[in-house]
Structure formats: structure tokens, C-alpha cells
Amino acid sequence: MQTNFLSQQFNAGSLAENSTACPANATICDGTSCVLTGDNFNQTLSVVLSTVLTIMLALVMFSMGCNVEIKNFLGHIKRPWGIFVGFLCQFGIMPLTAFLLSLAFNVLPIQAVVVMIMGCCPGGTASNVIAYWVDGDMDLSISMTTCSTLLAMGMMPLCLFIYTKMWTDADAIVLPYNSIGLSLVALIIPVSCGIFINHKWPSKAKIILKVGSIVGAVLIVLIAVVGGILYKGSWVITPKLWIIGTIFPAAGYTLGFFLARLAGLSWNRCRTVSLETGMQNTQLCSTIVQLSFTPEQLELMFTFPLIYSIFQLLFALLILGGYRLYRRHHVKTNTDIEKTAQKEDSKSSAKINGGFISDEMK
């Protein structure tokens, strides 16, 4: 199942010749990337942090659910135009972009496959947190994440079958349906609880939402840092994958936004679709890669999911910063409108009262 990759691009003899490019304790090295031996500390750290991050993620999704209105959420399900646009972006634009980037940079077949796997993954839950901070449509964001994760069980095998035929057999890629199912459960249950809280106790839901949004922002950064610690021995990798990892999320954000705008969606929904398109479930991609390939194959590309996650986070923060600056200078908040109205009222009353304006009204 996996030997067809090795026959095309991997020469065992070249490992020893280029071993000086990697650390002395590297188990595999070909001069372009290397794999370090696992140690007990890293394994223990991985288990502990995975447990903590899973609990934190559930709490964050619970808080995001507190911003979802049942009526609006069901409205998106009954009239799924926004979800359909997101579906086209998720399983139309992203796989095609991955395919074109792989051809354009002429990467090795096994590297092209991992780029394709990333392009076929559903949206990640981090997009819900960023969508909240850019005033996106949270009802659409949650429904898109849920639907893309559910549809991934059928769309991922289909997209991989269509696009990877020129590089490998579709049967060589192992899809962890149990992981996809767990991701779906970890998304639906906390969000459903949050929706219920928002329906029953709206005032308490607002408090939970504020706390959860801050925790979610910290969690996104923490995941990136943890990934860097756990994969510390794999940063020496072919420049082509670094370039693709930079362009790919940026293309997803941009194309998702413009397609949503062409479809006639409102600006806040365009921002939502853009984030849902560009932010992929990188953890799922890493799981698929580790299940599908041998260590000899992994050394050529197994850090690509981490590279993608770094740049998708970086571009998301740039989008957030740009939106906040735009909102500060071009969009009046309710408080600004109230102050302007009060100032106009004071000026009109000043004309009646002989031109007197109090200091408080200036």
C-alpha cells in the first residue's frame, strides 16, 4: 500500500550521505528534513496537553454556542444558501487550490498528497472564535463548521479520489472516521448546551460568551505553541512546502470572501465564509498523515499541517487587526451615535436658550 511512494522518490542510500544536516539523534534524515526520536517526556506532554486542550476547546465551543440564537440557527438550516456557499468554498475551492499549488511548485508526489489532504479537510473550530471577534455571523459560522465536519465523511474520500489519482492510489490514504466523528460530537454537544443557556438565561450567556471568547483567543495561540514544542525536530523542510503553506491559507481566505460576495451575502457573512474557508482542521490532517504513511515517508512532509496552522493563524490575526482598525476609523458604534445625537440636541436647544452651551454638552 505504501511502497509505491518509496519507489518514486526515496533512496535509502542518500540518508547516510546527508545525515550531517540533521541532529545526531535523528532517526531519519535526507538533508531536507528530519525526524527525531520520541522521548517519554514528549509522549507524556502530548497526552497531558491533548487532554487539557480538548477540555478547553469544549468550554470555548460552549461559550460560542451562547451567542447562537435558535431561530437564526434553524433559519440557516432551512434556507441553507450561506451554508451552500461555504460548502462550495470548503470542498470546491480548497481542494482545487491545493491541486493547482502542488502542480505549480512541482513538489514530490508524497508532498502533493499531504497538501491535498489539507485542502480536503473540513473547517476548524478556531474559525468560530475569530468570526466572533470580527463581528461575523455566529449562527452561520457554527452551522458551517458542523455541516462541513459532517459532510467531510463523504466529501473527503471523493475529493481525494478525484485529485490524488495522478500521485497515488486512493486506498493508500487512511481516513480516521472515528476522529471525524469525535470532532463532530465535541462540536455539537457543547454548542447545543450553549444554545440552550442562551435561550433560557440570555444575561448569563453574555457573561459566558465574553469569558469564552478570551479563553478561545488564548487557546488558539496555545495550540500553535504546543505544536511547535511537540514537533521541534522537524523545522528543516523543503522551502517549497513553506511557500505553499504560506500561500494556501491566504488564498483560502481571499477566494472564500470574494465567492461569498459574488453570491450576494452580506459583509459580515462574507467575513464568516472567508474564515471558515481558510481555517482548516489541521489536527485532522495530522492524524490522517500519521495513519497513512511510514516514518520514511513522513520525514518528507509531516510538518506541513503545522506550517499551515501557523500561517492560517497569522493571516487570521491580520484580518482581525485590519477589521478592528477599519471599525475604529470608519464605523460608528451605538455609543458614538448616541453622543452625536446628544450634541446635536444640545446645539438646537442652545439656539432657543440664547446660544448657551454647557461644558458637558461640548
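In case you wondered, yes, glycine gets a Cβ from its N, Cα and C as well.
The compositional bias 'Basic and acidic residues' annotation in TrEMBL covers 337-348.
Residues annotated as region 'Disordered' in TrEMBL: 337-362.
Taken from TrEMBL, the feature transmembrane segment applies to 45-68 (among others).
Residues annotated as transmembrane segment in TrEMBL: 80-104 (among others). If you look at the transmembrane segment (80-104), the same-chain residues 6 or more away from its ends with a CB under 8 A from one of its CBs are 111-112, 115-116, 118-120, 122-123, 137, 140, 143-144, 147-148, 151, 155, 159, 162-163, 244, 247-248, 251-252, 255-256, 259-260, 263, 265, 269, 272-273, 276-277, 280.
Residues or ranges marked as transmembrane segment in TrEMBL: 110-134 (among others).
Beyond its flanks by at least six residues, the transmembrane segment (141-163) meets 64-65, 68, 73, 76-77, 80, 82-83, 86-87, 90-91, 95-96, 98-99, 116-117, 119-125, 127-128, 131-132, 170, 173, 175, 177, 180-181, 183-184, 187-188, 191, 272-273, 275-276, 281 of its own chain at Cβ-Cβ distances under 8 Å. Annotated transmembrane segment per TrEMBL: 141-163 (among others), in sequence order.
Remote same-chain residues near the transmembrane segment (175-197) are listed as 54, 57-59, 61-68, 70, 73, 122, 125, 142, 145-146, 149-150, 152-153, 156-157, 160, 204-205, 208, 281, 284, 287-288, 291 (criterion: CB distance under 8 Å, separation of at least six residues from the stretch ends). Residues annotated as transmembrane segment in TrEMBL: 175-197 (among others).
Summarising the annotation, TrEMBL assigns transmembrane segment to 209-230 (among others).
The transmembrane segment feature in TrEMBL is assigned to 242-262 (among others). Within its own chain, the transmembrane segment (242-262) is flanked in space by residues 82, 85-86, 88-89, 93-94, 97-98, 101-102, 105, 107, 115, 118-119, 269-280, 304, 307-308, 310-312, 315-316, 319, which lie at least six positions past its ends and keep a Cβ under 8 Å from the stretch.
Residues or ranges marked as transmembrane segment by TrEMBL: 306-326 (among others).
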